[in-house]
Amino acid sequence: MKHFSAPADLPVYALDFLTEDVVVYAGGGGAGRSGVKNAIRTARVDVPSESIKELSRLELSRDEDAPMCIAVNKSLGSLVAGINSVAEKVKANQNESLRVFDFEVKESDNDKEDKDPASPSELSATVTFVKSAPSLPITNPEEYQFVLHTFPSLTPAWQTPEDAFTNGSGSAEELYSADFSFDSEQVVIASGQKIKVFSTSPAPLDTSSSSSGEKSDSSNSSVKRPLKIQTILNPALGGAGPCTFRAARFGRAPTSEKVLFTVVNAGPGKGSAKGKRKSFVSSWNAETWELVQTRHVADKPITAFDVSADGKLLAFGCSDLSVGVLDAKTLRPVLRILDAHSFPPTCIKLSPSGKTLVSGSADNTLRVIEIPSTALIGANASNNPKHGRPTPQALLSSMSTRASSKSGPSLFTLFAVLLSFRLLNAALTQTFFQPDEFWQSLEIAHRIVFGYGYQTWEWRDERASLPSGSAPWQGWLGGWWQDVVVGSPIRSIAYPAIFVPVYWLLKNLQLDNTFLLTLLPRLTQALFAAVGDFYTFRLAQRVTSIPIAYIWLLLNWTSPYSLHTATRTFSNSLEASLMSAALFCWPTSTFEGKSDVSTRHTQGSQAKGRRSQPSVNIYPSLAFMGFAFIVRPTSAIMSIYLGLDLILFNAPRAALPSLLIQTLIVGSAILSWQTLLDSWFYGRLTVTALAFLQVNVLGGSPVSLFYGAQPLHYYLTQGLPVIATALTPWVVTGWAVCLTGAGARGLSNLRESSTLALLARASLWVTLCMSALGHKEWRFLQQLGPIWILFAAVIVSQQAHERKAEPAGKVSESSRNQHTELSTSRPRSAFSQIFSELASAWQTLHSAAHKSEQSRPSSSATKLPAWSNRLLNALPPLPYLLLAQLPLTIYLLVGHGRGQMHIMRYLHEAVVERQSGNGLETHGKGTAGIKSVGFLMPCHSTPWQAWMHAPELEVRRPTGADEEREQAGWNGSGDGGRAWFLTCEPPLQGQDLRTYRDQTKVFFEDPLGYLQTRFPSLVDPNFPPSPFLPAAPGVNCTSGRQAENHPDWKHAWPSHFALFETLLDRKGVIKNGNQGTVRDFLREKGYAEVKRIWNGVGSDDENRWGDVLVLAWQGAKSK
């Protein structure tokens, strides 16, 4: 059995077969501003090659509704479509909802050639518009009545009375389906609460009232009424909740007994799981109207239903995204395709022979399924007693399609694979990248649990020490701003709080002195990285296709930047994961929710003059965006763009109140929760997001500029190449192609080109906004990394498609397995299927890189811009580039900056050994272990107590004047005490950045001078703690000269120094006037090397070159 998915370029709401292998489908974005055209398409279905080739197209008005139903009369070559007119005509009761088109299927050899679809449409113009909104066979949109017309004259035959379909309260019911019997003598109409069967011949005028059972219409006695044959009321199913009819269909072929099939969707019953809504299919004797049998077919509502032309097979689409086929005689399952679409199926149709099934969905895809021959044999046997019952082997083969069709991995299995990969990624990461990985997350969480750790300036509350008048506004707002915002901490405790349970568990299990102290936090972040991969993969699957999703996964797993940063405890890493989840949940393209896509655009809703209110659910996406905002306020840049795009260009006007209400509710909840959490942590009202804005944007001299100011083009010339690495040319090409949306629509294997265009525009918006800020870092665009890689995956797939690496009429293995969708069950060998798909993705990379002139597409055949083809063709094959990145990735994970990490564990182990009485001997001198340590490195070159975990090196601050600062959360190490480092506090009072110099800068300008003037002349063997700074660093230094002569920068000689090797070779003048090096000076003071850790081959900071060394005092050198 074969089945595959094909892009449809528009949301599909109706389809039918013109011939055995030519299908017509229709849909679009409706009357609105979604940008999705309304159209009717015809295409040839080629099951052997698993392809659908478009034959013709007819574009419809964007001001009207999308076609919601179509019916084909093959003998007359006519197609009837239900299309609601523009709103003005609907309100004026002039809805021209019935359209007739002529068609002709021309068979020719040209149809089989592989070239662009013919531009002239083979669907002719409209023949007749029928006034007063008749429908065939849909409802009268004004009165929820059914009007029967003869065809092709379209003469009204009869109309149901006003009260034919009303509920107990007298309100009109919406009609869901209508169908004619095989001999066209009866028509069955289904509403939610009842099914009625009428004769197609009108009742006599004098008996229509009594015989039909409904009240006659006294206002128009000339209207003909139908003769009612039977009414079936909504059945009550045992164990199920409230039931509604969804469809009713007659059996198609003339058989010894006439049959009617009905579909019932049931709500949750008593004691059943919340949200569990079963669906049932029943068969009725259409002569005696006795119920023959009922079968439970799914645990979600059925959204589409069809009967084969010979009446032997039933097909259904379900809101659990599956498509199924039943034997019409026994209602036994024939096959079931899990996750046939990303949204619930909206329409389904069996071919005239019953050998092919096609379903459509609002996710812009068609699913084509070849009905296995065993199913046809079984159906023939069950419908024809002469053939007897099918063999058990045939039934088993026809019913076990899930295993034989290589159904894709479950969501659980997929996430397990992604998580396993990221856990391995985290365990292999042994290097230092940037300080915020520790100082803005783990150090704070460590302090909360263990009671010690360093708080950088971002976490300190300086409101009491700042002068008044710092607010940018006057009046009460300025006073509030001065009291609450100015000098307030700028970091929210939300992200560090994630790691508090981890440290708490280690502390209570007494495992905090093991390797788990440094490993578990990173494994925790690996969980979030896997969540980001999971949602981006599913986004890629929904927007493009399964093969492209696996190409994305392969490229993401081989990305040096992703492997280097995703599992690090940066707030940017969590921001990227949360925004990936938000993008997956964001309403895109048709803005249809998964739970009710198939019933959203109900026939007649617009025609009634009150289109049903669109239900655009953005709560999940807003929640993810809100948490991302708490973690990093700059994530709001993308959120704002997505919101404006939705409101201004895509969302129906009727949905705007709902969107605004949802935004208000989630926004208020997120901001309130953040404010309460941070205010509780800091002990007073604190709004960290506003404080962040005040310090880094609104201030006269933004503090962020202290850490560097980069040019406007930085993110395009450095950020993008660093994040994308070897994929940069493919990312640039994909980004450019997807920006317009029109360019992407011509590419293969895309389901939502408009969504790709949205992602491209949003990425550009974020890049431009972030470029406007002075201080820039690569990781500030980390949230765009997964999107950029998706752009590259799209281009790689297109290259492979155009190079035709396989014979004509064939598709790649990855395309052949497009049915490998995600399901909620656990198929056998799911792990092997994932890696098989990754292998297919690797083969696609090779196909895309194929260099032969024979396989290279002509300039007229390619859908990619000419400049991109020249660029990509000039590059080495992408697989070679990815392999070339492997040494770089390994080096970044285990080599570059390794010493900066492992020095802290070495110090931890040394302190632990000293406390256990073993001592750490130093070169046989017998010197006791570590008593104090000073870091002569650029500030924050290493982690701190989150890795060193040495409470023995913490000291309590003096009482008295400093007691208030200690209670306010000041540090017991770092800028003094038994463990200290060179600080780099920013100018927090608006000092001139051109003259301001921090402690690190002062030290490295003249290391020897600093050591001689800031330390005592002799080393005290007792190694007393270094003095603490009595004032917050960076607050009182108003000029460069004051910084250079800062009286508080005094130190006691420690028992150990940690430094980079390059420092020892720095030259200067020793007090006696002789030239010397730092190495000479420290050797004279009695310090010698006791530990050397390799730190890589270089650094972007000249003060971090060489190995990381530990020097220990071994006694003064004798003179």
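Glycine is treated like the rest: Cβ placed from N, Cα and C.
Keep in mind that this is a model prediction, so the values were computed, not measured.
Quick look at what TrEMBL lists:
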REGION    200-224  region 'Disordered'
COMPBIAS  200-222  compositional bias 'Low complexity'
REPEAT    338-379  repeat 'WD'
REGION    380-406  region 'Disordered'
COMPBIAS  394-406  compositional bias 'Polar residues'
REGION    593-613  region 'Disordered'
COMPBIAS  600-613  compositional bias 'Polar residues'
TRANSMEM  618-642  transmembrane segment
TRANSMEM  654-673  transmembrane segment
TRANSMEM  685-707  transmembrane segment
TRANSMEM  719-744  transmembrane segment
REGION    805-828  region 'Disordered'
COMPBIAS  812-828  compositional bias 'Polar residues'
PLDDT averaged over the residues of the repeat 'WD' (338-379): 86
Intrachain neighbours beyond the transmembrane segment (685-707), with Cβ under 8 angstroms and 6 or more residues off its ends: 461, 472, 481, 484-486, 488-492, 629, 633, 671, 674-675, 678-679, 773-775, 986-988, 990-993, 996
Sequence-remote partners of the transmembrane segment (618-642) [C-beta within less than 8 Å, at least six residues beyond its ends]: 492, 494-495, 571-572, 574-575, 578-579, 581-583, 585-587, 659, 662-663, 665-667, 669-670, 673-674, 689, 692-693, 758, 761-762, 765-766, 769-770, 780, 783
Tally of residues which DSSP labels helix, strand or coil - the repeat 'WD' (338-379): 7 helix, 18 strand, 17 coil
